[in-house]
Amino acid sequence: MIDWPNVTESSYEELGLKPEELQRSKCVLGFIPVIYYSVLLCVGVPVNILTAVALCRLASRTKKALYYYLLAVTGSDILSQLFIIFVGFLLETAVFHRDVPKVLLHVVSAAEFAANHASIWSTVPLTVDRYVALCHPLLHRQISYPARARKIITAVLVLTLGSGVPFFWWSDVWRDSHPPTALDGVLIWTHVTIIYFLPCSIFLVLNSLIIHTLRIRQKKQPCQEERGPPRRLGKTTAMLLALTSMFSVLWAPRTVVVIYHLYVSSVHQNWRVHLAYDLSNMLAMLNTAVNFFLYCFVSRPFRSAVRDIVLLRGGPLHPRRALPQQQAPTNASISSLYSGNNKRSQQDSTPLSPRRNKKPS
């Protein structure tokens, strides 16, 4: 980002490069990226912590798997902000490219990629859960519960964090003077596949199936009374589409620039590619700080939980019991972030009514 002296470069003579090839591209943005990432970190970390606390309350109150998936997304975003923005873009720029062991630089690189992959792939189980809930509700009631959600989240996080290990050998595209090698090509294509092409393909397929299913369902429900559930499902779909679409848009420029760096022009030698890479990284990292505002915009329960936290109100961990005649049947609702009705969120914890427990005489 910033043109600090790099004391870790290998001998130019050994690389066989001409003097004109050693001219490093200048960072035309100057200190703008440092200011941007500092503001993003100061805003993103607090709002994500607030999001995590609010989701913990909602998860404890409703016992729904959806909130655990959203918690995984939020936790992964916090990891990305700490490892990529704080360590990678701020500390590494000013400290780690001074006279320090190169092993430390590679360890930091592997940690950054691990957090990056975890942040992106934590959205995939959420998308799968919403697809099953909206398109196969009967199956969703059988297989979606907090214990299973925690196992799925743990497995995804272990795999994604482990996927950062090969990127210990990732080259520094800002400062390495040699052109990309064959190993660089393998790592770059592995990276863009993991962070963009594969998850975006999953999002595209599942979201398309969700929209198709909802359209068919709406056509089969002509009565006004039967159109209530599809509207709520449509709102859930809108949230999911917003999350995945935002990721696809914000990460697309970085994917294009990395591939351009591999085949056309190096970031080290071309100031235009350097500028594009800086801007694309800034856009991609914005994705780690916007989910809080999206949840506040579309979710009344989430806004209420945030309000209670900000006003230092404890709020009940378990909702008040509803009267038996006011309760909906246990299998009448689908778990959703937008369930503002307390009666629907109490069904798992409310005991059976006396009528149901009464044995025939």
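Even glycines carry a Cβ here, placed using N, Cα and C.
Because the structure is a prediction, the values reported are computed rather than measured.
Residues or ranges marked as compositional bias 'Polar residues' by TrEMBL: 324-352.
Annotated domain 'G-protein coupled receptors family 1 profile' per TrEMBL: 47-295, in sequence order.
Taken from TrEMBL, the feature region 'Disordered' applies to 320-361.
Look at TrEMBL and you will find 34-55 (among others) tagged as transmembrane segment.
The transmembrane segment annotation in TrEMBL covers 67-91 (among others). Note on the transmembrane segment (67-91): residues 1, 33-34, 37-38, 40-41, 44-45, 48-49, 51-52, 55-56, 58-59, 108, 111-112, 114-116, 118-120, 122-123, 125-126, 129, 146, 149-150, 153, 156-157, 243, 281, 285, 288-289, 291, 295, 337 of its chain, located 6 or more positions outside it, place their CB under 8 angstroms from a CB of the stretch.
What TrEMBL records for 149-169 (among others) is transmembrane segment.
Positions annotated as transmembrane segment by TrEMBL: 189-211 (among others). Residues 113, 116-117, 120-121, 123-124, 127-128, 130-131, 134-135, 163, 166-167, 170, 237, 240-241, 244, 247-248, 251-252, 255, 258-259 of the same chain sit 6 or more residues outside the transmembrane segment (189-211) yet have a Cβ under 8 Å from a Cβ within it.
The feature transmembrane segment is assigned by TrEMBL to 240-263 (among others).
For 275-298 (among others), the entry in TrEMBL reads transmembrane segment.
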Distant-in-sequence neighbours of the transmembrane segment (149-169), which means Cβ under 8 A and at least six residues beyond its ends: 65, 68-69, 72, 76, 106-107, 109-118, 120-122, 124-125, 129, 183, 187, 190-191, 194
